Amino acid sequence: MTTTDIMTIALRPRVERRPIRRVLARPETGAFVAALAVLVFFSIYTNTFLTLPGAGVWLESASTFGIMAVAVALLMIGGEFDLSAGVMTGFTALIVGILTTQFGLNIWVAAVISLIVALAIGALNGYVVMRTGLPSFIVTLGTFFVLAGADLAVTKLLTGQVSIQGMAKVPNYDSIQPLFGSSITIGGGVFYVSVVWWIVVTAIATWVLLRTRAGNWIFAVGGALNSSRQVGVPVMKTKIGLFMTTAGAAWLVGMISLFRTSTVQANTGVGQEFIYIICAVVGGCLLTGGYGSAVGAALGALIYGMVFQGITFAQWDTNWLRTVLGAMLLLAVFLNHWVRRRASGGAQ
Amino acid sequence: MTSTEPKTRITILEVNNIGKSYGAVNALAGISTVVNAGQVTCVLGDNGAGKSTFIKILAGAHTPSEGQLLLDGEPVTFSSPRAALDRGIATVYQDLAVVPLMPVWRNFFLGSELTRGSGPFRRLDVKEMKRITLTELLNMGIDLRDVDQPIGTLSGGERQCVAIARAVYFGARVLILDEPTAALGVKQSGVVLRYIARARDRGLGVVFITHNPHHAFPVGDRFLLLNRGESIGDFEKSKITLGELTSLMAGGAELDSLTHELERELGADSPLVKELEAENQQAE
Ligand SMILES: Nc1ncnc2c1ncn2[C@@H]1O[C@H](COP(=O)(O)OP(=O)(O)O)[C@@H](O)[C@H]1O
Ligand SMILES: [Mg+2]
């Protein structure tokens with residue numbers, strides 16, 4: 001933890017007696033302001049952004065990132081990173097794709113097996129981090145590359161291609177598809193069920209963080225690991241649970257992408273792990289752990305989704321997409337930081 | 001001040017010849033003492049003497065390499081701090097075991113949170129925890145209007161007192177304090193010493209670690225002196241004077257200068273200084 005972090009947050013109580021300041025001092029306030037700014041900007045700059053069809057597009061885009069960002073935010077509050085989170089979304093979808101198309105397994109059974117494997121890998125990530133004391137950054141970087149390689153090699157070996165096709169022809173596909181890939185059309189806008197998952201995940205995460213013992217332990221292990229251990233917080237259980245939660249969220253996102261498109265590429269999710277972290281940080285999480293919010297991370301993902309699709313709507317040269325994204329995300333982080341500093345009485 | 005005549009006391013914890021080595025480093029060897037209910041056992045020693053190692057063994061954070069712990073006369077081994085805590089041995093570490101960014105009330109109940117409801121609806125009883133934190137701290141004489149503030153914003157002395165209040169509330173029988181006054185000024189140290197006395201008067205057995213005999217002597221009933229991992233004595237209060245204690249610790253010559261130092265800070269009329277001067281004469 002840096003001195004600035006402690007200063008910023010330590011100065012909160014002095015100002016929290018004033019209600020407006022109290023709101024401003026919340027971790028997600030910066031992200032909320034930034035999201036509003038992005039929304040207003042693209043709504044004015046393009047005609048399509050603030051329409052139902054437009055909203056359907058950017059909400060869908062934000063939803064899967066949002067589910068992951070919320071899980072990653074919990075993990076970061078708990079003081080850890082998971083670089084295998086991105087590739088895990090492809091890995092879980094590939095397991096279902098291969099088990100059903102190549103081995104004829106029942107699709108529901110395949111989905112459950114995929115979940116169990118994901119949770120096991122998450123638990124292994126956590127166990128190795130806790131046992132070795134190595135930074136989770138390194139451990140999960142290893143998992144990332146192991147999974148990314150296995151995804152490509154196994155898919156190529158079994159199908160001769162780098163993607164799984166023909167999922168829609170698998171028996172019972174229609175019985176499971178609506179759960180993850182269905183959509184409704186409102187006023188010409190297509191709204192996917194993934195948006196509901198996103199909201200549900202955010203709501204549950206917020207409840208767990210603020211109103212359960214587990215939430216208390218998450219803040220504690222990320223804020224001061226040794227102190228937590230000394231007062232009897234089950235540190236191992238909490239950390240492993242967090243890695244399993246991230247893996248479980250990756251499974252959910254894997255199922256969502258699989259059943260929305262009925263196909264999966266072997267490199268799905270690779271490179272997205274940092275976007276989750278960015279969303280969480282934009283949402284007010286400290287990189288050093290012990291502080292942050294699930295709602296903030298969800299808002300961070302919303303900003304990402306809006307910028308991502310807004311650029312397309314604005315018909316800017318998409319080659320600049322990443323550059324613009326990076327700049328806007330940096331801006332959001334600065335804004336977030338600025339709001340938080342203002343909230344703490346304008347110190348320094 | 002404490003009574004000096006020996007009384008028959010109920011012994012809670014007995015330490016028999018324990019030792020601890022970290023690999024090749026012998027941090028502790030052949031240490032014995034007792035912790036009685038309603039008494040303060042002080043553990044004194046310079047930096048690196050093995051004080052922290054000693055209390056980590058009592059607290060269940062380390063298992064001793066040799067020797068035995070007896071709790072209520074029965075041999076025990078603690079597998080974890082939690083196990084020791086469940087048997088009523090609570091420890092307030094040098095770093096206080098608090099999470100600076102978390103509110104006071106969350107810190108107070110950390111690891112022992114109150115909940116209501118059951119199954120998936122089991123949730124923190126926030127209201128009750130805030131209320132108890134507020135009243136327990138008031139009982140200790142600390143008035144925090146806002147238990148929602150991060151504990152990192154409290155002063156060092158206040159944080160110590162929150163940690164002590166927490167241990168007392170959770171039914172500790174033995175309270176272990178690792179150098180609670182080390183980082184504090186004279187005034188704040190006095191406040192903490194008063195809470196130590198208060199915990200003792202409630203019948204707790206207190207283990208008070210310090211390298212300052214002037215903090216130990218007024219509240220202590222028994223003094224265990226460590227030097228480079230070995231015991232250089234385990235005295236009851238009636239068997240030792242502050243002068244002797246200080247001599248054993250650092251050489252008697254320093255007592256004079258310490259008395260003068262305290263005199264400057266507390267004033268010549270302060271009871272502590274008067275007491276010190278008396279001890280000084282005794283020692284000479
Ligand atoms: N985890 C450890 N590993 C190796 N040596 C240690 C460890 N903890 C303490 N020591 C050593 O044991 C000795 C006693 O340390 P400690 O109990 O912390 O003393 P004190 O608290 O009295 O200052 C020191 O020499 C210290 O370097
Ligand atoms: Mg020490």
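Positions of Cβ are set from backbone N, Cα and C atoms, glycine also.
Look at TrEMBL and you will find A:23-45, A:57-76, A:83-101, A:107-130, A:137-159, A:179-210, A:240-259, A:274-307, A:319-339 tagged as transmembrane segment.
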In contact by Cβ distance (the transmembrane segment (A:83-101), the transmembrane segment (A:57-76); 3 or more pairs under 8 Å)
yes
Result, the transmembrane segment (A:137-159) in contact with the transmembrane segment (A:179-210) (3+ CB pairs under 8 Å)
no
Of the stretches A:23-45, A:107-130, A:137-159, A:240-259, which racks up the most C-beta pairs under 8 Å with the transmembrane segment (A:274-307)?
A:23-45
Leading contact stretch, A:23-45, A:107-130, A:137-159 vs the transmembrane segment (A:240-259) - CB distance under 8 Å
A:107-130
